[in-house]
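Engineer: Take a look at the following structure, please.
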Amino acid sequence: MNLCSSGATASASSTSLSSTGQAERNGGGKGGDGSGGGGGGGSSSNQNGSSEAINCFGGGPEPVSNLNSTINGGGGVGGAKTNSNTTANTTATSSNSTSNGQQGHTQHNENTATMPPETRPKVVTVKHPESNKPKPTTKKSKPIQADQDVIKALQRCRDEGIKRLDLSKSSITVIPNTVKECVHLTELYLYSNKIGQLPTEIGCLVNLRNLALNENSLTSLPDSLQHCNQLKVLDLRHNKLAEIPPVIYRLRSLTTLYLRFNRITTVADDLRQLVNLTMLSLRENKIRELGSAIGALVNLTTLDVSHNHLEHLPEDIGNCVNLSALDLQHNELLDIPDSIGNLKSLVRLGLRYNRLTSVPASLKNCKSMDEFNVEGNGITQLPDGMLASLNGLTIITLSRNQFTSYPTGGPAQFTNVYNINLEHNRIDKIPYGIFSRAKGLTKLNMKENMLTALPLDIGTWVNMVELNLATNALQKLPDDIMNLQNLEILILSNNMLKKIPNTIGNLRKLRILDLEENRIEVLPHEIGLLHELQRLILQTNQITMLPRSIGHLSQLTHLSVSENNLQFLPEEIGSLESLENLYINQNPGLEKLPFELALCQNLKYLNIDKCPLSTIPPEIQAGGPSLVLQWLKMHSPYRQM
């Protein structure tokens with residue numbers, strides 16, 4: 001028996017859909033996000049539901065059509081599930097009008113709309129104790145209704161020769177075998193349903209180009225799918241596959257294959273048959289080995305095997321000479337093969353959070369890379385001159401490794417770099433002149449190292465915008481810091497600083513100054529010149545008084561002076577018209593607050609815990625900060641203002 005033979009043709013009137021559904025099918029439907037797969041405007045590039053970009057350097061991938069626009073990420077560590085909830089509803093049936101919010105009443109009304117009022121059956125509602133909302137006694141039947149609507153949609157698809165059918169997000173549990181009659185289909189979107197298996201008849205769709213099955217409950221695929229030999233894009237993300245279904249290896253026309261977020265443990269040698277693949281995503285599975293077959297995929301431009309359990313890569317990876325994006329982050333890699341140097345088209349290489357202790361010198365051949373990120377490994381040094389050879393780099397991230405010194409290669413290695421992150425290493429010195437060619441360097445993170453001093457040429461870092469030197473052993477800031485006049489963020493917390501130079505007042509663009517947990521006793525009067533300052537953190541020092549000039553910080557919203565030795569607050573604090581948060585808790589010598597504090601009309605939070613405020617009645621203090629402010633206002637000479 002021929003599975004693909006057509007059944008009786010239903011009349012058009014019995015299969016008509018809503019006008020909205022028809023418009024969406026004829027016009028291409030509403031645009032979908034990458035996870036869902038719905039497309040828009042008839043454009044196949046955005047309709048295949050498979051435009052997933054890999055994020056080599058940050059969190060999970062963002063589904064966009066332009067891979068290069070989001071690949072470098074930088075956010076979180078883990079790969080987040082692709083968000084498909086923003087996709088507009090584009091179901092190809094009229095089920096949305098009857099199954100979305102109308103289960104109880106709509107089905108009843110369809111059969112009774114023409115009855116006279118006295119003969120219509122009553123719909124009884126019951127109020128449950130836990131809810132004030134009346135609930136119909138009729139049971140919801142959304143899946144049943146959805147499956148019925150699928151049958152209608154398939155009939156219409158057959159009768160009208162529709163080429164693109166979107167049944168996504170329709171609570172479908174079963175695909176009817178009548179799908180075989182939709183032989184004109186080139187695009188079929190079934191993502192975000194409850195499908196556990198596909199019918200054998202799916203193989204009758206011999207013209208199919210795009211098939212989106214992501215976000216279902218599939219554990220296998222029927223062998224008949226091999227007859228869809230024109231299939232180019234197959235999306236199986238977020239299913240329950242324990243292996244790559246063998247039939248996939250026979251789909252020789254595939255160019256894009258998404259298998260992210262399944263339960264796959266092995267990749268068969270038959271993978272070598274998919275020679276037309278340009279994009280392969282195996283992200284977030286349980287794969288421990290990637291065999292030599294990967295080397296046969298010479299047309300690959302994007303390979304994502306991040307968030308697996310790989311310990312090694314085959315040398316054959318060097319045969320994939322067209323690769324521009326290779327994401328290996330969050331595996332258990334112990335080494336990288338020398339053949340990676342053959343990948344001269346490589347722009348993005350994700351190596352974050354593995355178990356590497358070194359990288360091969362051959363990486364210097366990958367001159368197209370614009371970002372180098374090996375965060376979260378155990379690397380102690382880089383091959384001599386490697387960074388200098390990669391002269392297209394703009395971002396270098398070596399954080400959370402075992403570096404004890406800056407990479408060798410001199411100033412040339414940072415010529416075009418604007419962002420350097422060496423956080424959480426064991427570096428005790430920034431070499432003099434190391435940034436002499438880094439004219440574009442705007443962000444340097446040296447947090448959690450072993451620095452005891454800053455280089456004498458710090459005054460040449462004139463384009464620096466953000467400087468993080470927290471958690472080191474710095475004892476002094478050089479006066480030349482005054483030259484960093486583009487600085488907006490300066491983090492110096494957890495050091496051993498005893499004073500701040502007067503030249504700090506030259507940093508007129510500073511928005512954030514963090515001096516928490518040092519040994520500072522006095523702030524310079526020039527602090528009042530920082531008119532753009534929004535956050536000033538002085539917590540856990542030895543400060544006895546704030547300078548009166550602090551009242552000039554008109555943009556200040558956050559001031560923390562807790563855990564110090566304050567004896568009083570200056571009256572000028574009442575001039576901080578933008579102040580929202582004030583922390584003065586745990587100052588054992590602070591016995592009174594200035595009445596002027598009540599003038600801070602935008603103050604939302606005041607922490608005065610463990611301050612012996614003898615001038616304010618205990619019952620007022622017990623009432624909380626808002627009551628304290630009211631008391632100050634009522635007893636101040638400004639109460640009429």
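Placed from the backbone N, Cα and C atoms, the Cβ positions cover glycine too.
What Swiss-Prot records for 1-21, 82-100 is compositional bias 'Low complexity'. Under the heading compositional bias 'Gly residues', Swiss-Prot lists 26-43. Summarising the annotation, Swiss-Prot assigns compositional bias 'Polar residues' to 101-114. Residues annotated as region 'Disordered' in Swiss-Prot: 1-147. Residues or ranges marked as repeat 'LRR 1' in Swiss-Prot: 161-182. The feature repeat 'LRR 4' is assigned by Swiss-Prot to 230-251. Residues annotated as repeat 'LRR 7' in Swiss-Prot: 299-320. Under the heading repeat 'LRR 8', Swiss-Prot lists 322-343. Swiss-Prot lists 345-367 with the feature repeat 'LRR 9'. The repeat 'LRR 13' annotation in Swiss-Prot covers 440-461. Per Swiss-Prot, repeat 'LRR 14' is recorded for 463-484. The repeat 'LRR 15' annotation in Swiss-Prot covers 486-507. Positions annotated as repeat 'LRR 16' by Swiss-Prot: 509-530. The annotation repeat 'LRR 17' is assigned in Swiss-Prot to 532-553. The repeat 'LRR 18' annotation in Swiss-Prot covers 555-576. According to Swiss-Prot, the feature repeat 'LRR 19' maps to 578-600.
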Engineer: Quick one: find which recorded stretch in 345-367, 532-553, 555-576 has the most Cβ pairs under 8 Å with the repeat 'LRR 7' (299-320).
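Structural biologist: Out of the listed stretches, 345-367 contacts the repeat 'LRR 7' (299-320) most.
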Engineer: What residues elsewhere in the chain lie close to the repeat 'LRR 18' (555-576), defined as a C-beta under 8 angstroms and at least 6 residues from its ends?
Structural biologist: 516, 531-549, 582-600, 602, 607, 638
Engineer: Could you break down the residues of the repeat 'LRR 14' (463-484) into DSSP helix, strand and coil, giving a count for each?
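Structural biologist: Looking at the repeat 'LRR 14' (463-484) with DSSP, the answer is 5 helix, 3 strand, 14 coil.
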Engineer: DSSP helix, strand and coil counts for the repeat 'LRR 4' (230-251)?
Structural biologist: 5 helix, 3 strand, 14 coil
Engineer: Calculate the per-residue pLDDT averaged over the repeat 'LRR 17' (532-553) and state the result as an integer.
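Structural biologist: That region's mean pLDDT is 98.
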